[in-house]
There are 2 protein chains.
Amino acid sequence: MPSTVFAPAELREGTLRVTPIGGLGEIGRNMTIFEYAGKILIVDCGVLFPEVDQPGVDLILPDFSPIRDRLDDVVGVVLTHGHEDHIGAVPYLLRLRQDIPLIGSSLTLALVEAKLKEHRIQPYSLTVSEGQTEKLGPFELEFVAVNHSIPDALAVFIATPGGTVLHTGDFKMDQLPLDNRITDLRAFARLGERGVDLFLVDSTNADVPGFTALERSIGPVLDSVIARAPRRVIVASFSSHVHRVQQVLDAAHANGRRVALLGRSMVRNMTIAAELGYLKVPENVLIDYKKAKDIPDDKIVYMSTGSQGEPMAVLSRMANLDHQIEVGPGDTVILASSLIPGNENAVYRVIDGLTKLGANVVHKGNAKVHVSGHASAGELLYCYNILKPKNVLPVHGEYRHLVANAKLARDTGVPEANTILAEDGTVIDLRDGVATVVGQLDLGYVYVDGSTVGEITEADLKDRRILAEEGFISIIIVVESATGRVVVGPEIHAKGFAEDESVFDDVKPKIIAALADAARDGIREQHALQQVVRRTVGRWVNTSYRRRPMIVPMVIEA
Amino acid sequence: MPSTVFAPAELREGTLRVTPIGGLGEIGRNMTIFEYAGKILIVDCGVLFPEVDQPGVDLILPDFSPIRDRLDDVVGVVLTHGHEDHIGAVPYLLRLRQDIPLIGSSLTLALVEAKLKEHRIQPYSLTVSEGQTEKLGPFELEFVAVNHSIPDALAVFIATPGGTVLHTGDFKMDQLPLDNRITDLRAFARLGERGVDLFLVDSTNADVPGFTALERSIGPVLDSVIARAPRRVIVASFSSHVHRVQQVLDAAHANGRRVALLGRSMVRNMTIAAELGYLKVPENVLIDYKKAKDIPDDKIVYMSTGSQGEPMAVLSRMANLDHQIEVGPGDTVILASSLIPGNENAVYRVIDGLTKLGANVVHKGNAKVHVSGHASAGELLYCYNILKPKNVLPVHGEYRHLVANAKLARDTGVPEANTILAEDGTVIDLRDGVATVVGQLDLGYVYVDGSTVGEITEADLKDRRILAEEGFISIIIVVESATGRVVVGPEIHAKGFAEDESVFDDVKPKIIAALADAARDGIREQHALQQVVRRTVGRWVNTSYRRRPMIVPMVIEA
């Protein structure tokens, strides 16, 4: 993947080494390694969700190889917030060393602990909050409040004798957030005065001009849709979006409706958020979904998962009439959510399915029911101007986002040489305020599939893509070991190629003839005979059908 | 697929039967059948492009079964314009009866004839233009100019004693189009006065509020991007978008640049468009791409295909450095094109690849370089109000688009009972100004894969999806026919499951044991033994790996 791999020199004394190993050139699996004086600090440890050309893969992890042999040097993992792309790989890291301390805000740690419980891991954790400072090995940390689409997100300032770093995590700068907890620009100003040698900054929306709209602008829209809804209302959103759910609860309450939570992760996360006080549940609003049936249709709101068209989530199942709540005419469905690139077809399929059942579907395409959780270009300019960082490393984004973010930095006066366009595995050394790229590691994707981690390879995925496009044909032939004479077969079976296996009657004599030729030429070795069969069938299928299925020949001696 | 299938009654004398067999509930394979007095008229005959869950499929055709036994009754196929989703299935229809007359405008027929030439079919064709009337069997036709993202598009008015129909084809209402050929609302008004019993109307943008922007608004943007480009400019667009290419030629010319066309379909279509006078090529602008290398970088514009991220098209190959034009720093790439849902990841991958090579990538996300070819809600309201149709059948769209279009019709006063929400295969009878749904045919997708048409089934696609997600494990065992004793195997091979086949050492003794048990129970039949193997391996793989690959057991007697 990386352009040119080269090994970094040994880390010199007094130098801080920064190596992002996930989240650059992709939206997901965010993870950065900081090394100073033999000790390692990690910021975030997330997962990436697979794309269409990675079929069957459940999750993609960062490649832990740069720290695999150094686990005892790790002083801790700072988790900036509780989204999967920042905490999802923690269980896989802790499988390697269970007592690595986790550092994060109270909501973040509660969410990661719930996840670890499913993996039967009890972590060592240290709860921190904004303004707090901590020292982990040689790393002096200060935590700064930032505002995002989940409460209690933190940026982290890291000071070492080699240099200082500010890592934003994911953030935006909503100036009127629901919890009044704004991104702390005063702290940014103060840290800027002190001097930030390297600024790691969220790039997700760097190519979006202007400013991200206020989360609270959605409330009145939800209220008016719910007020006019003649029957049931179903709202779908991310199950960690506490403030979005808060606004649904408030709008339902204002309209005299009860709310039932649907979906395992929605129930789990909102229970945690309510217990910790992040979600303020109006009295007598929540109701168990099993009891919701007894409530009149115009007095209920279902708050559900599945806003990205995930096939097994509540909303998709409703669209397929495969859920106990049968959507019908007069029902209103609100997708109060983003539309992540790659999910369009799945989401539109759900919208079409619900529309066909008679529902009125409200989504960000036809109403203001979603705002992003990331800072747009205008907000990022504020950051650069108030912080005045010496060097900038755009993180968290596809390559085009990193480039757009670097341009914003330059526009505010950061010299071009000091804006670093890195990728996963780029090694950056920081010393005396100078950031230098000193290496490029060769890192791969680590695929989780079922209970296996890292066993599925790129070659397997290539095979899967061929199988998906073309199916396979298997040919079995048993030959007499003494003579090489065909005694059974060719038996031919195919999957994903054609239903009617009589199409293969055509090629069987060709295989027999090719093997007879091979025998005449003295070819007896199994692999060579299989090649003969593969070539014969391959040529036939390409000529007759203009297709290239996988051909799996097996010549067996008996 | 369809909700409830029921066969229509026999067609009564004096009734016009209308059956859309493609394009409703999908964007593509548009095709409608009109039947009167035993004769059949077809409007459009397009293809649909497959989605991710239809892997390996090249094209999807309408299901021709309603006319397959009635081909001699077909009096002609009217083609409203030259896009693939309206003409792409013509070769497959003409394979069934080669002398079905094709009726269309001169550009439309030139494009379909070029396509048919590749299939070695010489069609019978009748060129028509706006204002012209023709009689085909019992169908009186009048053609009406409409404006779209390809020149020379036509709506068709169909009059029979059973009733009158206006079919828009694809259209918008650009009031200042490049060729001054506007959608002829005067004709719509006149036909409305005469009486339109059924209005088939493009729904693609019915859920987009307001009005589609002018095509000519793109020209100044292209001009300013090209004027500021320091090196080469590469523009990608659909290869049939004559007016978009026209604006690129004009902007290049105004900036003293030559233009080289890249991509087979771009060269073919623009040659046709120029020959017929639809593309006005400024003198001394076009240059063969082979000679373009000799021109200074700041004097050339490449006009290419691949705007949807198609992996084999020019632009993707450039992004992968797999094209003779090596994109580098200072080059400018303009995607003057739409972003069709489902193509996002492929397109963003191309944008990221080009950005990484150093190119400045301009696209509809960051500049006004694309407008749609379809009428938005505002334009559709004009149509309904000027036409005042008795009945409305929204066509060309996903279900949500059809619903949005039906709502617009109702908003202008068409009674709800007269707006028909149909799907592919819905049979509508028209008589005395009344439109009635009289049947629902059971139609399927017809898949083209390689040189096969209709041989790949839904079961094959299901197998392909399983193979893609999970790969397969094949187990071969040779048993002695007399005793049932295993003489060879189990030989186990897998694809897309795991690279290291030693993982199967674990399960081999289990298979041997299971077969021994089966032998003891007197099980000897091949299929039953294979089931034993399948169950044994399936249980093992699910327990050990939490995965469900396809298991292909083969027990052979020798």
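Using N, Cα and C of the backbone, Cβ positions are placed for all residues, glycine too.
Unlike curated records, TrEMBL annotations are generated automatically.
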(Q) Suppose a student reads TrEMBL and sees B:HIS81, B:HIS83, B:ASP85, B:HIS86, B:HIS148, B:ASP170 listed for Zn(2+). Which of B:HIS363, B:HIS370, B:HIS396, B:HIS401 should they find annotated at that same site? (A) B:HIS396
Q) Which of B:ASP449, B:ASP460, B:ASP463, B:ASP500 shares the Ca(2+) site with B:GLY56, B:ASP58 per TrEMBL? A) B:ASP449
Q: Taking Cβ distances under 8 Å as the criterion, give the subset of the recorded positions B:GLY56, B:HIS83, B:ASP85, B:HIS374, B:ASP449 near chain A, ordered by sequence.
A: B:GLY56, B:ASP449
Q) Quick one: which of these recorded positions, B:ASP58, B:HIS370, B:VAL371, B:HIS374, have their CA within 10 A of B:ASP170 (Zn(2+) binding site)? A) B:HIS374
Q) How many neighbouring Cβ atoms, not counting its own, are there within 10 Å of the Cβ of B:ASP449 (Ca(2+) binding site)? A) 25
Q. Given the recorded Zn(2+) site (B:HIS81, B:HIS83, B:ASP85, B:HIS86, B:HIS148, B:ASP170, B:HIS396), which additional residues of the same chain have their Cβ within 8 Å of the Cβ centre, ordered by sequence?
A. B:ASN30, B:ASP44, B:GLY46, B:THR80, B:ILE150, B:ALA153, B:GLY169, B:ASP202, B:GLY373
Q) Where does B:ASP85 (Zn(2+) binding site) sit in DSSP terms: helix, strand, or coil? A) helix
Q.
I'm trying to understand the geometry here, so how far is the Cα atom of B:HIS241 (substrate binding site) from the Cα atom of B:HIS148 (Zn(2+) binding site), in Å to the nearest whole number?
A. 9
Q.
Let me spell it out: for each of the binding-site residues (B:ASP58, B:ASP170), count the other Cβ atoms within 10 Å of that residue's Cβ, using every protein chain shown. Which one has the most?
A. B:ASP170
Q. At the level of the C-alpha atoms, what whole-angstrom distance separates B:SER239 (substrate binding site) and B:ASP202 (active site, proton donor)?
A. 22
Q | Mean of pLDDT values spanning the domain 'Metallo-beta-lactamase' (B:28-222) | A | 96
Q: Take the C-alpha atoms of B:HIS148 (Zn(2+) binding site) and B:VAL371 (substrate binding site) and report the distance between them in angstrom, rounded.
A: 11
